[in-house]
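In Swiss-Prot this protein carries:
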type: BINDING; residues: R14, Q15, A16, G17, R18, F32, D63, Y136, S191, H302; note: substrate binding site
type: SITE; residues: D63; note: site 'Transition state stabilizer'
Amino acid sequence: MSLLDKKISTWFMRQAGRYLPEYLKISKEMTFFQMCESPEIASEITLQPIKRFDLDAAIVFSDILVLPRALGCNIDIKKSTGPVIERINNPNWLTYDAFEEKISPTLNTIAITRKSLPQNKSLIGFAGGPWTVALYIIEGGWDKTFLRTKEFINKRYHEFKEIISILTDATIQYLNKQLKHGADFIQIFESFAWAASSNEFKEFIVEPTRRIVSSIDVPVIGFPKGAGVSYLQYVKETSVDVISTDHSLPLDWIADNLQTHAVVQGNLDPYLLAFNKKEALLQTERIVDAFSEKNFIFNLGHGIYKETPLSSVEAVLDFIRARN
């Protein structure tokens, strides 16, 4: 059964992660990339939320920074500070020399997971959107202003465009390899969509995403986080099959403007799930009421937080199953 076949399908962004005690037990002994690069371990982590919550889809345990790492970027993820990235200053620094070797663990994780995952569960592969990955590697991490990238775009436009082109081509290769190894859905995480001007959004988010979607033969979920009203342009011009919505968008606006173009995914505020179970349940009911005229995928407006109580996740799932 596909995610698209149920009245309400459910999975959570970052569902395999630090809110799960079984994940913490493994992560105490290994770094993040050690876990990602150990296919048996990564597959075990991928399956943990399925075994605990019986969700409708697993998403491979990996990271959007696996791709730029495979293109030669020096990247690490620290438990205390997050991504530590050696900034790139030239598109020529991106190389395919170790590409196959570096993506191999994720592909093997997908293959192992598909064999263990029940056939009625979907397996989601993913990548970061080229814009988001470019911002990470030019900035050397996350920055609330992205001044370095904006300077790069305005002073070295053609080189930035080349970086986006390289990342787009690599993403297409990477995602198609994920499909060959057993993924049956793809999500594109455009986490920094909010940082793009309207012109940048069109050229560096919409156009690359359209190219990626047209090159993939399974349903694609697009997530242009923080894009606001530009969500409509994104869903109309990229041809994504599913539009994943963040929790800043009004439910009636989503239903009126987006649900006519694609299956809606979202959009419970992960802060509510972490800190206010009562309100999380009320908002879950509002979401179900808003979107239930058509099939939709219940998810969060962003990744689940490590502080999230398991009881809150279980309560939300119980409510949704009662309405399915």
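Keep in mind that glycine also has a Cβ here, set from the backbone N, Cα and C atoms.
Taking the features listed in Swiss-Prot, we show where each one sits on the structure.
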| residue | record | Cβ within 10 Å |
| --- | --- | --- |
| R14 | substrate binding site | 18 |
| A16 | substrate binding site | 23 |
| R18 | substrate binding site | 15 |
| D63 | substrate binding site | 19 |
| S191 | substrate binding site | 22 |
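Secondary structure at A16 (substrate binding site), taken from DSSP and collapsed to helix, strand or coil, is coil.
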